[in-house]
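To start, the structure under review is shown below, and the notes come after it.
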Amino acid sequence: MATLDKELLLLILQYLREEKYKETVHRLESESGCYFNMLYFEELVTQGKWDEMEKYLFGFTKIEDNQQSMKIFFEIRKHKYLEALDKRDHAKAVDILRKDLRFYAPFSEGLFKEMALLLTLDDFRENPKLSMYEKDTESERGVLFRDLEKLIKDNPLFRDKLEFPAIKTSRLRTLINHSLNWQHKLCKNPRPKPEFDTLFVDHICNQPIAARAASPAISHPNIAAEVLSPHGPAPGATIPAAPGAPVRRRRSASSSAGSAILMAPQTPSGHMENQTADSNNPLKRPRPCETSQEVGNILPVSYSGHPHGHNTLSPDDLPKVVATTLPQGSPVTSMEFHPVQQILLLVGTIGGDVFLWDVGARKKISEKCFDVWKLDACSKELQESLNTDKTASVNHVAWSPDGTLFGVAYSKNIVHIYSFCRDNAVISHLEIEAHRGSVNHIAFSYPNEQLYVVTCGDDRLIKVWDAATGATRFTFEGHEAPVFSVCPHQKENIQFVFSAATDGKVRTWLYDELGARGTYDAPGHSLIRMAYSSDGTRLFSCGTNKEGESFLVEWDESEGSIQRTYDGLGQRAAGIVQFDTTKNRFLAAGDESTVKIWDMNNTNILTNIHADGGLPASPCVRFNREGILLAVSTSDNGVKILATDDGFRLLRTAENRSLAFKVPGGGGFGSSSANAGITMADQSTSFSATKKNEVRTLADGKPRTSNFSTEVSTSWKVTEITEPSQCYSLRLPDNVTVKKVSRLIYTNSGFGVLALASNAEHKLWKWQNSDPNLDGKATANAAHPVLWKPKSGIMMINETSDKNPEQAIPCLALSNNDAYLVSASGGKISLFNMATFKCMATCMPPPPAATFLAFHPSENNIIGIGFEDSSIQIYNLRTSEVGAILKGHRNRITGLAFSLALNILVSSGADSQLCVWGMAGWEKRSSMYLKASKGRSMPAASDTRVQFHQNEIHLLVVNETQIAIYDAQKLDCLKLWFRWEATSPITSGTYSGDSQSIFVSSEDGTVYVFTASNLRLRCRINPTAYLPSDPSSRVYPLVIAAHPSESNQFGVGLSNGHVYVVEPSESEGTWGTSPPGSIDNFKSFA
C-alpha cells in the first residue's frame, strides 16, 4: 500500500473514531489491514467472541502465512475447545474439534489425538498439561490474551501495524478546512464572510459585494467567528479563518443567539447578576489579561445599576495622593498587584530584575535578577547569545489567579515561573525556554479547570504551557509578525485567547490546534495590549503605532468592531502607552508624563493625575484589585504608590502588623498531564526547616540561589515519571466492572493483593512461583498474577444493610498470619477463612455499622472496631466478647492504629480529631484536633487515616487536605504538608514497606512519593505513566497500598474497579532520590 494511501486510511480511521462509529472503525481496520487495534482485540478475547476474533485477524493474516499465524489461530481454537469442554457441551466441543482443530492434524497428528482424548475425561484438567487451567473463565482468557499479544508482536506481518501514529486531533477536518480556505482565496469576487454549503464541488462566492468603506464600524471582521461543524458550533470542530475572512456557516431559522462562539449578546443586568455559578471560584471567574482586580475577590466591592451605566463613583474615589515611593534600580517595564493580598506589588525592570514589594511595610520581600538556572539545557542559539551578553530585560510579569504563582517573561527566550508560599517564600518552580528570541508577554489561564501559562514571542508563536509541569499544551501558529501580547478570557464556558502582533493584526484562538478563528486590524495598526473590565463583560485595548499615534478603544465583541474611541491621548508618544481598568468604571493610561483617566462610558478625559511630577513620557500604571492603590513608574527608576482614603487605611493596617500571606491551602502541584515537551523545565522548591511543627507546602525540585534564607542552593530536583517506559505497571486480571475499589491491602507475606469493591465483593490476586519470579511475591514485572479462588468457587461477599451498598463505608483487616480476614460493607462484620473463603462467623449487626477494623498486632483473636456512631469497641473474636467500649469522638471512626512499643491505640475520626488510648486499661490519654492551613477551616467531615511508622512511635496522618507526622506519645506535630486549594484532593496515603517513603494518591491520578523523614516530595508519578489513556472517562486512585517488603512497590485501587501494581523500571531503580539531608531520623527511635 502506498504511503499516502495508508495515511489517508489512517486519517479516515481517526475521523470515524472521533465521530464514534465504533463498528465501522473496526471493520475498516480489518478490511484495510493498516492498523491492528490491540485494545479491541483484547475486548474480543475477554468477551469470548471467537468468530469475530478470527474474522478481525483475517484482515491481517491467514492461518498458513507463517508459524506465528498458525500458532495464533491454534491458541484461539484450542481455548474455544477447552471452554466448551469445561461447560460440558460435548456436542459443541466435537464440532470445534472436527471443523477448527482438524486443520492442524497433518502438522501434528499426536497433538490432535491428544486433544480428541480430552473428550473422554470427566475433567480435562486430569491431563497433567492442563492441570493449571483455572475454572475462572475471565482469568484464563486474560492469560490467553497475553499469549496472543506476544505472538502478534513477534509476527512480522503485523510490523508497523500495532501503533497508531500520533496525529493532531481532527486532522482530516483540518485539511478540508485548509482546502476550503484555499478555494476561497481563488474566488474572483471573494466575500468577506464566505458561506460553505457543500464539499461535493469547489467553493465559489456566488455574487460580488460592494467594497466597504474603511470605517471602524464595518472594517473589522467578527471577533466571534462561527465554526464549521456537522454538529453545530463546537470548539472541537472549527475551521481556521483565512486572514481577513473569518469563515461562517449559513444560519437556519432555528439558529440561536448563542451560535457565536466567543460572545453572546449582553443582558442589561447588574454587576452581581452578570456572575455565573462559577464566579465564586476565583480560578473560574472571567478575568482580564492585564489586570488582576477581580481575581480572588476577598473584600468585594458591589456596584449597583447597569454595568455600563453611571454609578455613585466619582473621580474623588480614585487614588491621587502619593503615599510612598519604591526605588527599583532601572526603568520599570511591567507591574502587577497580587490578586488576593492587595499590598503586594510585583515589579519587572529593564535591567532584568524582578522585585516583590510589601508596599504597606515599604520593604522588599524578594529580589530576582536574570539568571539562567540550567544553561546546559538551553538551545545552542541561546547559549551563544548569553556568552555574548548575559543580560536580559523583563518584558512582562503576571500573577496566577490565586496568587500562588507568578511568571516573568524575558527579552531572551526564557520564562521563569515562581511559587509564592506562606511566610513570603519565593521559590523557583519552572524554567522554560519558551520562544526563539524575546518573550513579549505572559498570562495565566484556567480552561477546563487546568492552570495554564500563555506566552508569545518574536518567533511569531503563541504557546500554552501546563503551569504544574511546564509541558507544552498548545502552539498557535498564524501570525506573520512577532506577537506582542496575549489576553486569555472565558465567555459562556468558551475559553479563548486574543493575540496581537507588531503588524497590528489581532487574532482569536481556541484551545486546540485548528488555527485562528478570526483576524482583524488593531486601530492604526498599533502595538496593543488588551484587557477586560473587572466583571469580564467589556473589552478594551490600548497601544501605539510606529508613528507615535496612540489609541484607547472599546471593542464590540459581537461585531468585531470598534465601539468607542477615547479622546485625549497624545500623538507623539515616545513609547508604547500602557493602561489599566478599575471598578468596572474607569480607564487609566500613562501618557505625556501623567496618568489620564476616562469614564468607560465617556470618550472625553475625566481627569489627570500628575502624582507630584517626575513621571516618564509613558509611565507604567497598575491598580490594585479594589482600585484604592495605584502604582505608577517614575523617571528616576522608581514606583510611586498613590492611594485613596481607604488605600491609606489599608497601608496603615498593613504597617501595624507583620505580613501574613493567606494563600488558600498549601500543597504541591498536581498534574494530570503528560510529558513536558519543552527545552527545559526546572521544577524546584525549598523550605526553611524547623525541628518541630514544621509546615511544608510544595516540596518540589531544585532550589534557586537567592538572597533569602528561605531558599537553599542544591542540585537536587524532583523526579518526574511521565512515560510508561519509566515504570512497570500491571493491571491485575479481572472481569470488567464499574464498581469502584473501596479498600486495598497486600497480604502480610507479600504474595497477594486483596481488594474490597463497593459492591461488598472481595477479590484476591496471587503470584505463582515461576521463572523469573521464583519467590512468588507480588510484582509488576514479568510474572503475571491470577485472580485466585478456592476449588469450591466460593466468593467472599460481605452482608449489606438495607441501604445502597455503594453508600456504605467499607472496611477490612487481615490477620498477622494472613489466615483470617474481617470485613464489613455497611452490614454485619464477617470473619472469613482466607484459605477456603468460607465465612466463619458474623457479628455486630448494624446500627451502628462498622466503619474501620484493625487486628491487635500480637493477638489475632482481638480486633478494634470503629463505628459510625463515633464509638470504638475492643472485641474478642474467639469468645465473642466486648472487652471495652471507647468514647471520645464526635463523628464516625475513620482510622485505628495499634502500637506495641508505646502500648497505645490511636484513633482518628471524621471530626478531624486524634485520640490516644492506653491498651492496659483502655483509658483515654490525650486527644487533639488536626490543624487547618492558614485562611481555611477543616471540613465538617474528614476521612482521616492513621498509620504507624515501623518504629511504632511516629504516626502518619492523612486526609484530603494534608499529610502529617506526629509523635504519638505527645501528639506533637513534627511535620506537616498541605495541598494547595487549586490542586486535586488527596484520596489516600500510606508508608512504604520500609517506612522510608510515603505514597500519596490524588483525584487527578497523580501519585506523589515523599521522603518520610522530612515530608519532602522526591518523585511525582503522572497517570500517563501507569494508566492507559482514556479521554472518555475520568479514572483515578481511590486507595493506595504498599508492598510489605518491596519498598518501591505499591498498588492502587481505581474508581473504575481496576487494580494496578506499580514499581519503578530497572533503569529508574527507585522513585527518585531523597533531598540532601533526608536521613531517616525516625530510625533512632526504633
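Cβ coordinates come from backbone N, Cα and C, glycine included.
Positions annotated as domain 'CTLH' by TrEMBL: 35-92. Residues of the domain 'CTLH' (35-92) grouped by DSSP class, helix first, strand second and coil last, total 41 helix, 0 strand, 17 coil.
Per TrEMBL, region 'Disordered' is recorded for 230-291.
According to TrEMBL, the feature compositional bias 'Low complexity' maps to 234-246.
Here TrEMBL flags 266-282 as compositional bias 'Polar residues'.
According to TrEMBL, the feature repeat 'WD' maps to 432-475 (among others). Across the repeat 'WD' (432-475), DSSP assigns 3 helix, 24 strand, 17 coil.
For 577-608 (among others), the entry in TrEMBL reads repeat 'WD'.
Under the heading repeat 'WD', TrEMBL lists 886-917 (among others). Mean predicted confidence for the repeat 'WD' (886-917): the pLDDT average there is 94.
Per-class residue totals from DSSP over the repeat 'WD' (886-917), listed helix then strand then coil: 0 helix, 20 strand, 12 coil.
The DSSP breakdown of the repeat 'WD' (577-608) into helical (H, G, I), extended (E, B) and coil residues amounts to 0 helix, 20 strand, 12 coil.
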